[in-house]
Ligand SMILES: *Cc1c(COP(=O)(O)O)cnc(C)c1O
Ligand SMILES: [Zn+2]
């Protein structure tokens, strides 16, 4: 059970996992190759029902997992016969118990456990919000030390549901004018300190395989691979994970042989992957695809979807996932997202995080334009929701910074002093 090797997608070499984030060849992603070719759904807590295809020996006993259900009201509104919603958030009435309300809580558990199982002492990560919240929660539950770098304006996203933040959580807040990419740069510097593990982002197979459980859950519920998969992206890691899950399910043999088409949506006006993809380019050209990035990001409905350095060009990344599935990219304006949010909430009866509304809007666009026909099996990834619902049930305790810094070039000693 759960045993695997890593394969380098560039040179095809097989690597024994030693918390390996990349191959010595310096090529593209490494990917897990699990011994279990067919998926057995396990009677284990939360997302560990997909234990066979997660890169950990043990498990963490929390209830969070994707809950997939068949939509009636939104499906009818859009004229779809088979719309399935993969809900990632808090909605106890349907058994959805992701307490930090986004699918980042599918990345954090296997990532932290994998680091612990490989003897890591502490992990460093950068985040604009949902990732930080999920990892801080998991650090609180496991006691595994975590250093989180967050742009100051995103501090409000950082809370622990129903309990006090653990002493293992060390939060570094960055002053005004810093965005997510500045946080990534500072986190990268901190992670170079011996003993501190970088969380690795999309390169980390635990993050991708954790997110991949969304597609696994959809396919297990639908008893087949979907035809179409919709998701809002910032880094696109979730899209890559959905593709990788679909490749495994195709290999399993019982879920059909056609890969779902990826429909990935960015929030305008900041949409570097959309621009590169529309021009057929594997490379993002910063001056063309995201001029004045900080200004554009400040205009977004949700900067959770901003990432100036997404894993787009890398072998095994977003571009390859889109090519292999004949994917489509969408740009969604703030107004479109807001109206999609209202529509979804009134029809399905649960509140959405803003990013999820971007995916709903892409689905509306696809239906309006006739891009997908009414008989297609559609899987809509609701990447986050139930925050308003959660607030009724639980106290959300803010995580307080242990230091505030001006920018990514702050001397490392200043930071190490306070986290020791
Ligand atoms: C991170 C996040 C996304 C984007 O996911 P990626 O696939 O990593 O780009 C979408 N929605 C929510 C709620 C998120 O937290
Ligand atoms: Zn290699």
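Here the Cβ of each residue, glycine as well, is placed from N, Cα and C on the backbone.
Unlike curated entries, TrEMBL annotations are predicted automatically.
Record features, source TrEMBL:
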DOMAIN    64-384  domain 'Tryptophan synthase beta chain-like PALP'
MOD_RES   104  N6-(pyridoxal phosphate)lysine
BINDING   130, 383  pyridoxal 5'-phosphate binding site
To the nearest whole angstrom, state the Cα distance for the pair the residue listed as 'N6-(pyridoxal phosphate)lysine' and residue 130 (pyridoxal 5'-phosphate binding site).
6
Please list residues from the chain of residue 383 (pyridoxal 5'-phosphate binding site) whose Cβ is under 8 angstroms from its Cβ, counting only those at least six apart in sequence.
88, 102, 103, 231, 232, 238, 353, 355, 356, 359
My understanding is the cutoff is Cβ-Cβ under 8 Å with a sequence separation of 6 or more in the same chain; which residues meet that for residue 130 (pyridoxal 5'-phosphate binding site)?
100, 101, 102, 104, 157, 304, 353, 355, 384
Let me know the model's mean pLDDT on the domain 'Tryptophan synthase beta chain-like PALP' (64-384).
96
Across all the protein chains here, work out how many other Cβ atoms are within 10 Å of the Cβ of residue 104 (N6-(pyridoxal phosphate)lysine).
28
